[in-house]
Each structure stands twice: as C-alpha cells, then as structure tokens.
Amino acid sequence: MKKLLGALCAATMLTAPAFAQDYPERQITMVVPFAAGGPTDTVARLVAEKMSGDLGQQIVVENVGGAGGTLGAGQVAKADPDGYTVLLHHIGMATAATLYRNLAYDTPNAFEYVGLVTEVPMVIVARKDFEPTDFKGFIDYVKANGDSLTLANAGIGAASHLCGMLLMQALETPLVTVPYKGTGPAMTDLLGGQTDIMCDQTTNTTQQIKGGTIKAYAVTTPERLDLFPDLPTAEESGLAGFEVSIWHGIYTPKGTPAEVNERLSKSLQTALADEGVAKAMADLGTAPSSAEDAMPAALKAKLESEIARWKPVIEAAGVYAD
Amino acid sequence: MELFSNLAMGFSVAGSLANLAFCLIGVLLGTLIGVLPGIGATATIAMLLPITFQLEPVSSLIMLAGIYYGAQYGGSTTAILINMPGESSSAVTAIDGYQMARKGRAGTALAVAALGSFFAGTVSTFLVAIFAPPLTAIALKFGAAEYFSLMVLGLVMSVALAHGSVLKALAMVVLGLLLGMVGTDIYTGTPRFTMGITQYADGLNFVALAVGVFGIAEILRNLEDETDREVMTKNINRLLPTRDELRQMIGPVLRGTGVGSVLGILPGGGAILASFASYTVEKKLSKNPREFGQGALAGVAGPESANNAGAQTSFIPLLTLGIPANPVMALMIGAMIIQGIVPGPNVVSEQPELFWGIIASMWIGNLMLVVLNLPLIGLWVKLLTVPYFVLFPIIMAMCSIGVYSVASNTFDLYAVAFFGLLGYLMSKLRCEPAPLLLGFVLGPLLEENLRRAMILSRGDASTFVTRPISALLLLMALGVLVLVFLPQIRKRRDEVFTESDA
Amino acid sequence: MSTKPKDSTDLAAGLLLIAAAAFFGWQTMGLPIGTSLRMGPGYFPMVLSIILFVLGVIITLKSFGREGEAFGRIAWRGILFILPAPIFFGLTVRGLGFVPALFFTTLIASQASIRMKPLHALVLAVAVTILSTLIFSYGLGLPFRRFGPWVQF
C-alpha cells in the first residue's frame, strides 16, 4: 500500500514543472529499440546500472524492438521532454534517416543529445579455408573473383550490411550479397563454409576468430586494436577512407532542458570511467567513449556527420528498408 | 573416462547449495509465469532476464536455463487446461491434451506430459554431454538447401495434424504461410502485407496468433451456449495415470525423444518441428488414428517428449558454436555477454565448469520439475472447477499483459483480437488451427532458405537434389506424402466398392 | 435448385479462402516478382496466393452435392466483449497506465458472460488488477508505467 501511495505521489508530482536542479526525482526509462539480450541491449544495461548509481534513481531498460530500431526511436521522439525517457541507439539512428524514406520523426530535429557511449570496431572476416593469407592478398583475390564470392550480412540496416556496402564500394567490386535474419544464422553459415565473407562487429566475431573457426583479415578502425595487434587496418592496406564503427549514443526527446542533458551526460561520463564497465566492454572488443565524447556536442556532431556520410553510400546501393 | 570426470565436475558445480537454490528458483518462476495464459517461454525469459543479471555467471545461466524449462513446462500446462498455447510446441500438446481435459482426464494428461518430458530430458542431457562436438559438425553441414528441404518435410507432415478434411488442412497451411510473410522482406527491405503499419514491419507476433486462434476462439466457443452446457466435465477421474496408460506411453515417449533430440541440434529452426514431427509419427503408427484430436494419450506423450528433448539439444549449437538456435537462446547469449562470457567455440575448453555445470543443471532442473509438478497436478485440476465465467476474464487480462510484455507493441494486442475472430470463424467453418500455426512458423524459414539456396547456387534449382542431405530429406517428404495419401486413396476405393456392392 | 444438397460450412470456407487468396494476390501485385536467381519479395507470396485460390475453388466445388452439419449458434455477446478487451488494453496502457487499463480490460471481458453479476465483475476486476500489479510491476519489475499521463492531476 505504501508503494501504491508512493506511485500516486510520484504521479501527482509530475504535473509540477520539472525543476532541473531536482532532477532526477523518480525512475528513468531507457528505451532500447532492439530486443532484450542483443548487443545494444547489453551496452545499455551495462551503462544504465552504473548511471543509476550516480543519479540515485533507478534506470529501467525498456526494449521496444522493431523496424530496425525506428519504432523505439519514434516512441522516444514523441515522449515528454522531461528527462525521464531516454533513448540508447547505435549507428542505425543515422542510417535510418536515409534507409527509411518515411520515418515518423525527423532524425536531426527530433532529439536532444546526452553523449556517445562506445564505438564498437568491426572486423573483415571470411570462412576458415578462404585462400588469401593476408589482407593485401584478400583485396586482389576479391577483385579477381568478385561475382563468384558471397558476402553475408545480418539483414538490411545491420552493422554487417553497412560495412559490406562500404567494402564493396571501396573495392569497386560487387559481390553476391546473402542477407540473413540476424547475426546468428549469418555466422552459422560462415562457420559452415556456406558463404565466403562477412564484416561484423567485434562483439560477434572475437570469440570465433580466437577459436580459429573463421579467418580475420583487417579491422575497420583508424588504428590497430589491442585485441588483435596483428590485424592491419583496412586503411593502412590501401583502402583509403574505409573506416566504420558501430557507435552508440544516448538521446532525449527534443525540448528536454539543457541542464537535464548535462546531468545525464555527467552521469554517463562517471559510468564510462568505471573499471567494471571498461572491463566488460573490453571483453566485447570495444572500449568506453572518452569523457569529451560522452558529451552532448560530440554526439550531435557525430550524428550529423554520419547522416551526411551514409546518405550517398545507401543511395548508391539503392537499398531501402521501408 | 573423461566424460564421467567432466560430468562429475558438472554435478559438483550444479550441486552446490547456492546453485541448487537458483535452479529451483528458476524452475519455479518459469513454471509460475509460464502457466499464466498467453505467456510462453520467450515472454517469460524476456520478463525475468533482468533478475538474473546480478548473479554469478554460472548461477545466472543455471537459473535462466531453469526458467526456460520451467516456462515450457508451464506453457504445456496451460495448453492442456485451457487450450491456450504460449508457443508453437505447446500448440501441438493443446490438440489432444485439451480434449483429454474436457473429458475429465486433465490429471492424466498433465502427468503423462511431466513424465515424458522428464525421460526425454534425461536422455537428451546425456546426448548433449557425449555428442555435443561431433553433432555440431553435422549441424554445420546444413545449408540453405538442406533447411529448405527440411521445412518441406515439415509441411508435408503437418497435414497429419488435421483430423478433418485434408484439403482444408492444406488450405490452412498455405494461409499460415502467407500470414508468415507479413513484415519486411529481409532480402530487399520491402514491406509486405503490412497495410502501411510500421508496427508490423517485423511480422506478426507468434504469441498473438497462437493466443487468438487457439485460446480466444475457444473462449468464444464456450460462450456460445453457456446456459445449457458445462465447459468441463465435473467428474474428474484419477490424477495419476494407470499402469495400462503408463505402458501405452512408453513407445511415444521413446520415439518422441529420438525425433526431438535430432531436430533440436539444427540451429536453423529444427527444434520447432520436433513436436509436430512426433505427432505425425504417432498418428501414423497408431492403431486407431481416429482417436487423435479426440484426446489420444500418445498425442500428448510423444510431442511433449520431443519438445523437451529438442529444447535440451538446442543448447548444443549455443554451447559449442556460440550461436543461438532460437530467440530464447539469443536471450541467453545476451545474459552470458552481460556476465562477461562471450559465447563461442572456446567456451567448452576455457570455461569447463560453466559448460558442464549447465549440462548437469539441465538434468537437475528436469528432476525438480517432475518432483514439483506431480503434486501440483491436483491443484491445476482444481483450477478447472472454478466457474468458467470467472476464469475467462482472468485469462483475457493475463493474455493482454503477456502479449504486450513481449515487445511493448500495442499493435500485437490488436492482432490478438483479429486472430481471435479469425480463429472463431475458422472453428465455425471446421478449419483447424494447428496446421495454420505450423504454416505460420515455417513460412518465413521456407521462403528465406529457398531464396538463399537459389542465390548460393547461382539460380541452379538442382542444388536441392544434388546435395545429398537435401535430397534425402526430399525423398523422406515424398515418402510421407505417399503414406498420408495412400490410405485416402484406398479408402475411396473401398467406398466405391461398397457402393457398387449395395 | 434450392432442394439440391450442399454443405454450407464448406461452401462458406471455400468462398472465404478464395477471398483471402484474392486479397493476398492483390497485395502482391505491387511487389517485384524477380528471377529464379534473385527471387523478388513477390515471388513466393504470389505462388502461395495461387495455391490458396485453387484450394478455395476445390473446397467450394466439393461442397455441392452433399449434406453438411449445421452452423450452430454464434457467440455474439462473446465477440462483442471479448475481442475489444485486448484492443482496449492496447489503446490505453500507455495513456492511462497499467493499473487502470488492466482494470477496465478485465471489466469489459467479464461482461461477455450472462452469468456475471455487475458486483462480482467489479470485485473480480479489482482483484485481478491488484494481483497483477503486485506480480508484474513490483515483483518482476516490468517497465510498465502504473499510472499514465492521462490520469495525472
């Protein structure tokens, strides 16, 4: 009964104008626009727990999956801009702006920004008996055998799809793309040698590479990874400008007071500085964003530049998800 | 024997007091939530997943696995008691289990389901322990062509699910396949049959469909003439099966275990075929196939064992490859990652305690389920004596919560209403829901693998017969087809003869 | 002609299947069919629609010339109250919040039975709401808002 009264009190308090200095005074909902247990959900739950500690209020993760993350994002765009509904989304926030031609929200103008959370690197991998021995050989081999090779991806808009598009563009060679429903089945067929090449996040590939069940050729980051010091970057091997990572950011609905976003950002920075979070992210092959990146301005700049960057890539490929 | 030392290590991990407690909590929670109508294993795990995040990795996975079987178990209970399956496997159990319940044999049906599941669980736990690595190698041989052929075999079998007109059953399968197409085409991103509703972009929710065509249609049927008919017979017979009934279930349980274990290993959706396949086998082997659909004991014992065996062996691809065989497994991977264990081919060698601990806990969990549930049967059966007009509003409330909790998608609730109406209409027209449901789950897999196989073979359709496993599966499909239609042809000939005799 | 026997349930089933096939076929019209190498999104549904149509026609034709069972009573009251219950829950769970939405959903559903007395329905709805809130919202911590923005005053 006490709790019920508490809920009622909290409900009545909502009507009072939100005083940013008192924020937060009740539970915060973090919307993850993908299913529970997925990689994005994992990132969200990691930081949500630490942010709850800093804010002194529980952050509950709500999974609103569907339509490549656009349903959950659309729901947050329409939510009250009081700081009690936030969104954790990845690179799909930027690509959906072009991939979906009739989105329910206007991506650059529907949100306020809290900060970047992490940027997950990607690795170009192939089935374990794929012939080339290094990335230079890989490039030559793919260019020579282009249309007889298959490139797997986890569905339109997925990280592997984006990276694959970019790879084909950089190599100027079209491959036979084979879409799957999610990373699991795509990886199964790569393990079984049913498909040839894939480019996917370290989250999904690290353990398989270490287990020797697939072959890794290059990483897609500007610098080599501590995780795989022997793997070259795509750029150093001659694919200029080939750089892609799956970045995650936290957003609030348009009109959320700046003080609230600052408060959330500060708590995000605290969470990212936590050793446990760094360790968990390292296990996934990624690292927490720096304190400067975990700020509203950095996320805003990232979103805008990524929308501009992917627009021509997607339009050239002519693939849309609506 | 390395195997025994490994198993011993597993049991010592799973047998620690804390882990036993977590296993028990998982099994209990899973059963309790799973038994609520309209809430299946996926919804239960999605609800309970966050609870496990605070625990040690082994404990959390043991608890999650417990939730998984518990929920499956609870789901079967609901399917038997009120014809409300929470997932595709319990939809098969509902066919005959619910009929048994209506005839006052709910106790028997529940006990048979429990014992069959336990036996299947025991056998397949050992299968997982002994054969996990070599079985994985076979599973990897399954490419798109093989899965397509497997799904064809499944579809052919589905006709046996119907106890009425074969023609109408076929039509229901095709309608189910079409409903399965709703959503975004994964190859081109084109929305199909969504009527412009973005909320259906990922397809229709299975739980919404199952709850609608089975459960709600049943409620409506029961409300038709509530003044002059009782839904359930009031005289409920003994709770536990007789010795004769126990003997009857041996064959179905053994076969179900075999079928389920084999299909469960395939990561591309083999496990969903397990209960359907077992039902078909039992109906074909039965001396009185007419009993099926009217409350056949074998129609509960076989599929329930197959389902549980498949659920166990579907852990094989998860543990040896780090690849989820179904949405529930995907959730478990998420749980592992949050615990700092990234599943992959190395889990067995790098984390032997975890690997063997989970395997041992599977068996312990199954044992707990039987011990817990046999006494509970009395309670469940009592539930049926609650007046129906009190029961069904509760069912509707639980359904609404359950369906909504899966993805927080309100459009899934509208789908429930639509499919409730469709299911009621179907029952009025004497079309059966089970083939529709199977079509619905197989549809996307069938199309996806057909198109993928064609891409991989560069448009050469002979890939389905030149790949040996695929060819074998297609031959089996042909065999089943002959078995299904031969009696019909013979029957018709008999009819012709009797008519001419007259 | 009306003396000729026909199975009216099969006739209705056949005609409805034909209608469903026509609907799916019509919806497939706009989708590219593709080639056998790269099947378009319309390929498979088109094939299925045609099969469904053929099955519908056969079922319709076979319904003539034999006697069928009666259609039976229709649960109009059930349809009127059972089906709107989940729809109501869907429409209001965000706005009203979990607690009031569930209360009214149960109340609506309970009206489907003629045996349910108004007072009993009220008691049942209150009980279901309290128990569900305790189990799902407090016990399992599901991220439902107990009271939504429509009921804040």
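Using the three backbone atoms N, Cα and C, a Cβ is placed for every residue, glycine included.
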When TrEMBL is consulted, the range among B:64-90, B:253-279 described as transmembrane segment turns out to be B:253-279
If you count CB pairs under 8 A between the transmembrane segment (B:144-162) and each of B:35-53, B:109-132, B:169-188, B:386-404, B:464-486, the winner is B:464-486
Given B:109-132, B:200-220, B:386-404, the one sharing the most C-beta pairs under 8 Å with the transmembrane segment (B:354-380) is B:109-132
Original post:
Counting only pairs at least 6 apart in sequence, do the transmembrane segment (B:253-279) and the transmembrane segment (B:109-132) share 3+ Cβ pairs under 8 Å?
Top reply: yes
